[in-house]
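The block underneath contains the structure these notes are about, expressed in structure tokens.
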Amino acid sequence: MDGDRVEIDGGIMEGGGQILRVSTALSCLLGLPLRVRRIRAGRSQPGLRPQHLSGLEMVRDLCDGKLNGGEIGSTEITFTPGKIKGGTHIADTKTAGSVCLLMQVAMPCVLFAASPSELHLKGGTNAEMAPQIDYTVMVFKPIVEKFNISFNCDIKRRGYYPQGGGEVVLQMSPVKELSPINLTERGTVTKIYGRAFVAGALPIKLAKDMSAAAVRCIRREIRDLYINIQPVREPDDQAVGTGSGIIIVAETSTGCLLAGSSLGKRGKNADKVGIEAAEMLLQNLKHGGTVDDSLQDQLIIFMALAKGVSRVKSGPITLHTQTAIHFAEQLTKAKFTVTKSEEENPSNDTYIIECQGMGLINPNL
């Protein structure tokens with residue numbers, strides 16, 4: 001009976017939740033029944049955590065699929081997808097599990113739905129080990145829209161570790177097919193901007209300190225650009241709990257967006273938070289790629305689904321990206337090649353990720 005199920009080993013390579021997100025989304029899109037074993041075998045707490053489970057349940061509901069093994073701690077699931085329909089769906093981690101990771105599993109699916117979708121994603125908006133929602137809005141959204149996608153992301157409420165309680169509403173219309181992207185020209189950095197935020201019990205002074213420390217750090221390398229990092233105190237009615245952090249974005253003459261970010265936590269000095277984000281941004285600018293380390297792997301699934309050849313220039317290929325490519329190739333007919341970029345500047349460690357996409361057509365449109 002299970003002869004036609006695709007078998008996925010969730011413990012290889014990056015060995016985390018990303019394998020589950022990529023393979024479940026592709027299973028849903030391609031109508032492939034799936035078995036994932038050794039889920040998150042590489043993590044200190046293996047098996048499904050609340051955010052993985054709520055993401056799986058949302059995808060199941062999006063396509064009237066069947067999910068077995070869907071409980072916290074489970075290390076094996078089987079998933080049988082149905083037909084993707086639009087409409088309103090809710091996913092609630094009931095923890096500070098990242099809403100951005102929920103978005104990663106659901107978004108490719110609803111692009112190929114029969115009608116527009118509205119997803120209510122609840123959990124942490126600014127969580128460790130995941131993109132912050134500000135990154136999703138400021139960097140991921142404008143770049144991913146180059147695939148011929150448009151979506152609206154409304155931050156209703158922010159939520160922080162440990163209780164979560166944030167909510168983001170994603171509205172998205174389906175597409176007939178995705179266009180390939182070509183991001184190979186970095187250009188020059190034209191502006192640097194960002195936001196340093198505090199919420200709950202923390203004073204605005206902390207946000208100002210994070211911002212000032214980040215500016216000082218960037219100034220050492222980049223002297224001639226105005227840097228605008230706004231200190232913000234999140235309104236009390238739009239944030240649950242206490243949190244702080246910073247995101248800094250560099251925009252280039254060719255429209256590339258690269259970022260650095262960091263989160264505050266108890267006992268961590270505000271200057272250190274600002275400097276961490278600034279150093280991450282400078283690191284991302286140094287390699288000469290057109291995307292930063294956080295965006296690299298998030299583009300892979302869209303490149304695999306698009307019609308035609310996509311090309312992206314990146315810094316060193318992360319393990320997350322290698323993992324996404326491995327499973328995208330296993331499940332789709334897309335073909336990836338990664339080659340060292342021929343640079344004028346030999347000190348640049350850059351690569352071209354090229355993908356002949358499978359050209360998925362939305363059967364509903």
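Cβ atoms are placed via backbone N, Cα and C, with glycine included.
Automatic prediction, not curation, is the source of TrEMBL annotations.
Feature annotations, courtesy of TrEMBL:
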type	residues	note
DOMAIN	13-338	domain 'RNA 3'-terminal phosphate cyclase'
BINDING	Q104	ATP binding site
DOMAIN	184-286	domain 'RNA 3'-terminal phosphate cyclase insert'
ACT_SITE	H320	active site, tele-AMP-histidine intermediate
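In the shown protein chains, 22 other C-beta atoms lie within 10 A of the C-beta of Q104 (ATP binding site). For the pair formed by H320 (active site, tele-AMP-histidine intermediate) and the residue listed as 'ATP binding site', distance between Cα atoms is given as 13 Å, rounded to the nearest Å. Helix, strand and coil content of the domain 'RNA 3'-terminal phosphate cyclase insert' (184-286), in residues and according to DSSP, is 36 helix, 37 strand, 30 coil. Averaged across the domain 'RNA 3'-terminal phosphate cyclase insert' (184-286), the predicted model reaches a pLDDT of 97.
There are 20 other Cβ atoms within 10 Å of the Cβ belonging to H320 (active site, tele-AMP-histidine intermediate).
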